[in-house]
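See structure below.
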Amino acid sequence: MNSPAIVIIIFSTLTFSEAWVNDWDGALNFQCQLKDSIKTISSIHSNHHEDRRWNFGCERTLRDPSCYFTNYVNDWDKLLHFTCKSGEAIAGFNSYHDNRREDRRWKIYCCKDKNKCTDYRTCAWTGYVNSWDGDLHYTVPKDYVLTGVISEHDNHREDRRWKFQHCRLKNC
């Protein structure tokens, strides 16, 4: 009998379901540990709540960073288009949801190592990584860091689609 395998699968499922950073309609506040930046992004959408739950994974990419949160980078129902400054990587997100507007406003946590610059020749934007109301899964390619996000909102679907920018960092 394969009962240990069944227990592991059930445990894995329970662990994953509890891994969301935010609740439906709740605040989101996530920062990678010092010296890490965002490596993976996952999200699911609920038509009932007209909101997304989010999860992030991090990877060691920085040595001695200085970090800051931006001001809000989008208005309700408007385009979000943001890139960190040269040499910076995205290491966190902060947002809150408004039930009347069924949207989120976002702040982004950028971190920079001294003497690091963005190698703009290596930068690339993804296409949209999720469909309206669909799951979102994105992994930053090996040896790259997450540097930018684009998101558009649709008032009929009350959801956002997302694109991400990744770049390599180089010594300045």
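Note that the numbers count up from 1, one per residue, in the order the chain is shown.
Cβ coordinates come from backbone N, Cα and C, glycine included.
Per Swiss-Prot, disulfide bond is recorded for Cys32-Cys58 (among others), and the stated evidence type is similarity to another entry. Other Cβ atoms within 10 Å of the Cβ of Cys32 (disulfide bond) number 24 in total over all chains.
In the structure as shown, the Cβ atom of Cys67 (disulfide bond) sits within 10 Å of 17 other Cβ atoms. The disulfide bond feature in Swiss-Prot is assigned to Cys67-Cys172 (among others).
Taking Cβ-Cβ distances under 8 Å and a sequence separation of 6 or more, the neighbours of Cys84 (disulfide bond) in its chain are Ile90, Ile108, Cys110, Lys112, Thr147, Gly148. What Swiss-Prot lists as disulfide bond is Cys84-Cys110 (among others), and the listing cites similarity to another entry.
What Swiss-Prot lists as disulfide bond is Cys111-Cys117 (among others). On its own chain, Cys117 (disulfide bond) has Ser86, Gly87, Leu169, Lys170, Asn171, Cys172 as residues at least 6 apart in sequence with a Cβ closer than 8 Å to its own Cβ. In the three-state DSSP reading, Cys117 (disulfide bond) counts as strand.
Of all Cβ atoms in the shown protein chains, 15 besides its own fall within 10 Å of the Cβ of Cys123 (disulfide bond). Taken residue by residue with DSSP, Cys123 (disulfide bond) is part of a strand. The disulfide bond annotation in Swiss-Prot covers Cys123-Cys167 (among others).
Annotated repeat '1-1' per Swiss-Prot: 21-25, in sequence order. Nonlocal intrachain contacts for the repeat '1-1' (21-25), taken as residues 6+ away from its ends with a CB within less than 8 angstroms of a stretch CB, comprise 46, 49, 51, 53-56, 95, 97, 99.
According to Swiss-Prot, the repeat '1-2' annotation covers 73-77. For the repeat '1-2' (73-77), the residues of the chain that approach it from at least six positions outside its boundaries are 98, 101, 103, 105-108, 151, 153, 155, judged by C-beta separation under 8 angstroms.
Remote same-chain partners of the repeat '1-3' (129-133), defined as residues 6 or more beyond its termini with a Cβ less than 8 Å from a stretch Cβ, comprise 43, 45, 47, 154, 157, 159, 161-164. If you look up Swiss-Prot, you'll see 129-133 marked as repeat '1-3'.
Among the features that Swiss-Prot reports, repeat '2-3' is placed at 158-162. With a threshold of 8 Å between CB atoms, the same-chain residues lying at least 6 positions outside the repeat '2-3' (158-162) that come near it are 41, 43, 45, 50, 52, 80, 102-104, 128-133, 136, 138, 149-152.
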DSSP says Cys58 (disulfide bond), in three-state terms, is strand
Along the repeat '2-3' (158-162), what average pLDDT does this model show? 99
Counting by DSSP secondary structure, give me helix, strand and coil numbers for the repeat '1-2' (73-77). 0 helix, 0 strand, 5 coil
